[in-house]
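*Asks:* Per Swiss-Prot, the feature active site, cysteine persulfide intermediate maps to 122; the stated evidence is sequence analysis. Annotated Mo-bis(molybdopterin guanine dinucleotide) binding site per Swiss-Prot: 259, 260, 261, 262, 263, 264, in sequence order.
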């Protein structure tokens, strides 16, 4: 490890990784080395004083997470329905994100409120009824196109928003691509759903409307649903897509592309938005 680096990985005054002494096994040799470990902390989203969900996440860009989660979960329809967001460190080693909703939205939330302890890879923990899993989303229009010839360069650009991942090998990334294939911005997190929610918050903040989403993970149905909820018509995933992701993408008119690697990709649904 470079001795000029801090003992903690510090990003914009937020500690997102720590030093850890490890034993590296290489061939027949065991050697003690310092390594970076990505921080994973409990983050509670609290709406109008009532805890709604606890997710395991990287302690960075939590305001964006609050906005993105609220939008992708249908808690709000517009960021204007959030009156304030405050980040409060908890005495239990976690973080509370205190979100003040408009009265109308909070009343609606109370009607459908669920208490759940989320995990890094879990998007439906604590959902009380199966009907709540599939949200009624209007089919997306066909207004966006994207050239697959731009994908290789986009994959290279994705590395620029994976600062924590480069040092720890432990995070997922989600990025917004312009129709010309330029990376407009991105977010990373130990949880793939959280990384996407943070991106949705960033997309809302920056008012991006045209383009596509690129994620470093697989495409589960939750990733498809969150993308559709924010109006994205195209979702590129570095890894595979699940059967339910393909089914939901078809239902929402979302173009789903998996196995995005240099020189190749697999188009699962609605290829008409893609050009060579």
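The backbone N, Cα and C atoms fix where each Cβ goes, and this holds for glycine too.
Keep in mind that what you see is a predicted model, and the values were worked out from it rather than measured.
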*Asks:* Tell me the coarse DSSP state (helix, strand, coil) of residue 263 (Mo-bis(molybdopterin guanine dinucleotide) binding site).
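*Replies:* Reduced to three states, the DSSP call for residue 263 (Mo-bis(molybdopterin guanine dinucleotide) binding site) is coil.
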*Asks:* Give me the count of other Cβ atoms within 10 A of the Cβ belonging to residue 261 (Mo-bis(molybdopterin guanine dinucleotide) binding site).
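*Replies:* A count of 13.
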*Asks:* How many neighbouring Cβ atoms, not counting its own, are there within 10 Å of the Cβ of residue 259 (Mo-bis(molybdopterin guanine dinucleotide) binding site)?
*Replies:* 17
*Asks:* Give the sequence-ordered set of same-chain residues, not counting 259, 260, 261, 262, 263, 264, with Cβ within 8 Å of the centre of the Cβ atoms defining the Mo-bis(molybdopterin guanine dinucleotide) site.
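*Replies:* Here the nearby residues are 151, 152, 155, 265.
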*Asks:* Which is it, of 260, 262, 263, 264: the one of these binding-site residues whose Cβ has the most other Cβ atoms within 10 Å?
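*Replies:* Compared across 260, 262, 263, 264, the most Cβ atoms within 10 Å surround 260.
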